[in-house]
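Student: Found this in TrEMBL, in case it helps:
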type: DOMAIN; residues: 1-391; note: domain 'Major facilitator superfamily (MFS) profile'
type: TRANSMEM; residues: 9-29; note: transmembrane segment
type: TRANSMEM; residues: 41-65; note: transmembrane segment
type: TRANSMEM; residues: 77-96; note: transmembrane segment
type: TRANSMEM; residues: 102-124; note: transmembrane segment
type: TRANSMEM; residues: 136-157; note: transmembrane segment
type: TRANSMEM; residues: 163-186; note: transmembrane segment
type: TRANSMEM; residues: 221-241; note: transmembrane segment
type: TRANSMEM; residues: 247-268; note: transmembrane segment
type: TRANSMEM; residues: 280-296; note: transmembrane segment
type: TRANSMEM; residues: 302-325; note: transmembrane segment
type: TRANSMEM; residues: 337-360; note: transmembrane segment
type: TRANSMEM; residues: 366-386; note: transmembrane segment
type: COMPBIAS; residues: 393-410; note: compositional bias 'Low complexity'
type: REGION; residues: 393-416; note: region 'Disordered'
C-alpha cells in the first residue's frame, strides 16, 4: 500500500509539472509569436526559426542530459532544467536583437531536454516497474492539456501587459510551481536495480547498443514516422485551405487531431500491444491517414475519420518511443540510450513543420502529402526489420548484454 501510494503521489506530481513545463516552455511562445514579430519588426519566419533552433538543440542535448540522468538521478537534473528554462525564457523576454533571441532559445532548448518528456519518462519507467505503461499513458494524457491551458493564458497575459511581461510572468509560474514538485516528489537516486552496476563498462556497452543494427533501425523508423506525421498534422490548416475547405472547417479539423491523440493513447494502453507490434500499427495507420488526406473526396465526415486516425497515430507514437528502448535494452543505462534514441526523432519533430510548409508551397498539397506518406511507408518498412526483444537485447556487436532487458512492455492498463 505504501509503495502504491508513493507511485500515485509521484505520478500526480509529474503530471502537474509536465502540464506547466510544456505549457510555459513549449506552447506559450507560439501563441504569442505573431505579436513578437509585430512588436519587434522581426519577420514571423525569423521568430519561428529561433524557436525551432531551440528545439533542435534540445534534441542534441538529450545525450548528455541522459548521461546525467543515469549518473546523478532525476531530481537534480529536472530541478536544474526548470531553473534554466525559466532563466532562458526571461532572456527571451529581454531580447533586444534577433541573435539574442536565438541564443536565449538555445538556453531554453537545453533546459527543455532536462525538464520535459525525456526526464519524466525515465522517472516513470525506472520507478514504476510493471505499472509503467499505465503511468506513461496518464502522464501523456495530462501533458496534452498544456496547450489548452497555457496558450490562452499566454495570449491573455500578452493582451494585458505585452509579450515581454507575459513571458516573465510565465517564467515565474514555472519556478514557483514546478521546482517544489521536483524537489519534493522526484526521487534523488534511482532504485538499485535501475542503476548501472558499479565499475561496469557502461560507456562501452551504450556505444555498442547505439551502433547496433536493431537500435539504428528502430531509431530510423521512428524518425521517419515522426517527420511524416508531424509534417502533415502541423500544416493541416494550410493544407485543407489549399484543398478548398473554408477556414472554420480547417480549424475544426486541426482541433480533432488533439482528440485523436487522446483516443490513440487510450486505445493503445487498453490493448495487449508490445512496442514492436505497436510501432507497426502506428506506421500503417500513418500511411493510411496521409494517403487519405491527399486523395479522399471532400465530404466532411470522411475528413473527420482521416484526421482522427492521424491524431491517434501521433498520440500512440509518443508511447511507442517511450517504451521501445526499455523493452529491448532494459533500464540500467536508460537515460543515455533514450537520449541517443531521441536525437533524430526530436530533431525530426522540430523540422517537420518547415518541411510540410515547403512541400505545400513547392509541389502542392496533394503531392506533398503523398510524399510524406511515402516517408511514412519507408518508416513502416524499416520498423518491420527491427527484431523482437530477445534478438535485440543481445544485438551489440561485441558480445552479449551485460544487463538483462526489462520484461516486455505490454501497453495495457494495470488492473491490480
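Along the chain as shown, the residues are counted starting at 1.
Cβ atoms are placed via backbone N, Cα and C, with glycine included.
TrEMBL annotations: computationally assigned, not manually curated.
Thinking about packing and proximity, how do these listed features fit into the structure?
Tutor: Within the chain, the transmembrane segment (102-124) has long-range Cβ neighbours (under 8 A, six or more residues past its boundaries) at 10-11, 14, 17-18, 21-22, 25-26, 49-51, 53-59, 61-62, 65-66, 68-69, 74, 77-78, 80-85, 87-89, 91-92, 94-95, 132, 135-136, 139-140, 143, 178, 186-187, 318, 322, 334-335, 338-339, 342.
Sequence-distant contacts of the transmembrane segment (163-186) (same chain, six or more residues past either end, CB-CB distance under 8 Å): 9-10, 13-14, 16-17, 20-21, 24-25, 28-29, 32, 35-36, 39, 74-75, 78-79, 82-83, 85-87, 89-90, 92-94, 115, 123, 150, 153-154, 157.
Among residues of the same chain six or more beyond the transmembrane segment (302-325), those with a C-beta under 8 A of the stretch's C-beta atoms are 117, 121, 125, 132-133, 136-137, 140, 144, 218, 222, 225-226, 229-230, 232-233, 236, 240, 245, 249, 253-254, 256-265, 267-269, 275-276, 278-279, 281-282, 285-286, 288-290, 292-293, 296, 334, 337-338, 341-342, 345, 409, 411.
A Cβ distance under 8 Å defines the sequence-distant neighbours of the transmembrane segment (337-360), meaning residues of its chain 6+ beyond its ends; these are 52, 55-56, 58-60, 62-67, 69, 113, 118, 121-122, 206, 209-210, 215, 218-220, 222-224, 226-227, 229-232, 234-235, 238-239, 242, 321, 324-326, 329, 367-369, 371-372.
Here the transmembrane segment (366-386) has long-range neighbours at 214, 217-218, 220-225, 227-229, 231-232, 239, 243, 276, 279-280, 283-284, 286-287, 290-291, 293-295, 356, 359-360, 392, meaning same-chain residues at least 6 beyond its ends whose C-beta is under 8 angstroms from one of its own.
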